[in-house]
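The structure appears right after this line, and notes come after that.
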Amino acid sequence: MIDKSLQQLLRQTSNIVALTGAGVSAESGIPTFRDAQQGMWANFDPMELATLEGFLRQPHKVWDWYQQRREMAAKAQPNAAHLALAEWQEQLEQCLIVTQNVDGLHQRAGSLHVIELHGNLHRDRPISQQLPAEKAADLPRCPETGNVLRPDVVWFGEMLPEGAMEQALSAIEVSDLVLSIGTSAVVQPAASIPLHALENGVPVVEINPETTELSSAADWSLRGSAADVVPQLVAAAQLHYSRDRLSR
Ligand code: NAD
C-alpha cells in the first residue's frame, strides 16, 4: 500500500499537517455523518439540530441530541489512528492536526497541537439571544451572564473559530506533507485545506476506504481504514527516525 516514493517522502518529512474528519473516529464507535443519517439518527435533520435557528426553536430537543452525542464521545476510546498521530507529533518538528471532529479524541490520545475547526462537543458557550421564559425553562445557563448555554460547536451557516483557517493554511504553506484522513472532503471550508496544499506544491496523501472528491487530485489515495493505515505511515517514517538516532 505504501509505495517506494511515499516511503521515501515519509522518511524525509519533518513538518506535517493532518486534516481529519469523522472517519478517523469511526473505529472508536462514533458514527460518521453519513452513518448517522443511515443509522441511529435516521430521522436526523441537520436544519433542526445543527443550526442556531433550530436551537432557538427547539432548544430542549437540540440539547437532548447533543447530550447523547456527548455521552457517546465520553465513553469512546481513541483508536490506533488517534494514537499513532499523537506519537508522530512527539517525533516530528511539526505535526499539526486540523480536525473537523468535535469529539476531543485527538487530545485524549495525547495530541497537543490540534486546531478544532468545528468546535468541541464537551464545551458550552452562552447565546446572545433571549429566549421566552417557557422555552428557556430548565436549560443550562452561564453562571456569569445568566444567558442560556449552547454546545460550543460550529453549526451550519456559522463562522469557524477566529483565526482557525488562517492558522491551518499558513501551516500548510511551510509543511512538506499533508494528510487528509477520514473525511468526505465536501464540507467547506475544511475541504479547501488539501487543495491549498496542492496549489502550493505540497504533496497530499488521502486515507479513506472510499473514493472522495479529493481522490483524483491527491498524490496518493490509500484505500483503507484510518486505524489500519495511519500506524503504517508512522511506522514507515520511523525507520528513518530510529536510523537517524542511531547515527547521532
Ligand atoms: P463525513 O461523514 O462526511 O465523511 C466521513 C468519511 O470518513 C467518509 O468519506 C468515509 O468514507 C470515511 N470513513 C468511514 N470510515 C472510515 C475509517 N474507518 N477510516 C477512514 N475513513 C473512514 O465526515 P466529515 O468529512 O468529517 O464531514 C462531516 C461533518 O460532520 C464534519 O463537520 C464533522 O465534524 C461532523 N461530524 C463529526 C463527528 C465527530 O466528531 N466524530 C461525527 C460525525 C460528524
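Keep in mind that glycine also has a Cβ here, set from the backbone N, Cα and C atoms.
Unlike curated entries, TrEMBL annotations are predicted automatically.
Here's what TrEMBL has on this protein:
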ACT_SITE  H118  active site, proton acceptor
BINDING   Y66, R69  substrate binding site
BINDING   Q100, N101, V102, D103, G182, T183, S184, N208, P209, E210, A226  NAD(+) binding site
DOMAIN    1-243  domain 'Deacetylase sirtuin-type'
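Everything TrEMBL records as a feature, shown here on the structure.
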residue: Y66; record: substrate binding site; contacts (Cβ under 8 Å, 6+ apart): L121, P151, V153
residue: R69; record: substrate binding site; contacts (Cβ under 8 Å, 6+ apart): L121
residue: Q100; record: NAD(+) binding site; contacts (Cβ under 8 Å, 6+ apart): L19, T20, G21, A22, L117, H118, T183, V187, A190
residue: V102; record: NAD(+) binding site; contacts (Cβ under 8 Å, 6+ apart): A73, E116, H118, G119, N120, L121, V153
residue: G182; record: NAD(+) binding site; contacts (Cβ under 8 Å, 6+ apart): T20, G21, A22, G23, V24, S25, A26, T32, A81, I207, N208, A226
residue: S184; record: NAD(+) binding site; contacts (Cβ under 8 Å, 6+ apart): G21, G23, F33, R34, T212, E213
residue: P209; record: NAD(+) binding site; contacts (Cβ under 8 Å, 6+ apart): G23, R223, G224, S225
Neighbouring C-beta atoms (10 Å sphere around the C-beta of H118 (active site, proton acceptor)): 20
Binding-site residues whose CB lies under 6 angstroms from ligand 1, from Y66, Q100, V102: Q100, V102
All-chain count of other Cβ atoms within 10 Å of A226 (NAD(+) binding site): 28
Assigned conformation of Q100 (NAD(+) binding site) - DSSP reduced to three states: coil
A226 (NAD(+) binding site) - helix vs strand vs coil (DSSP): helix
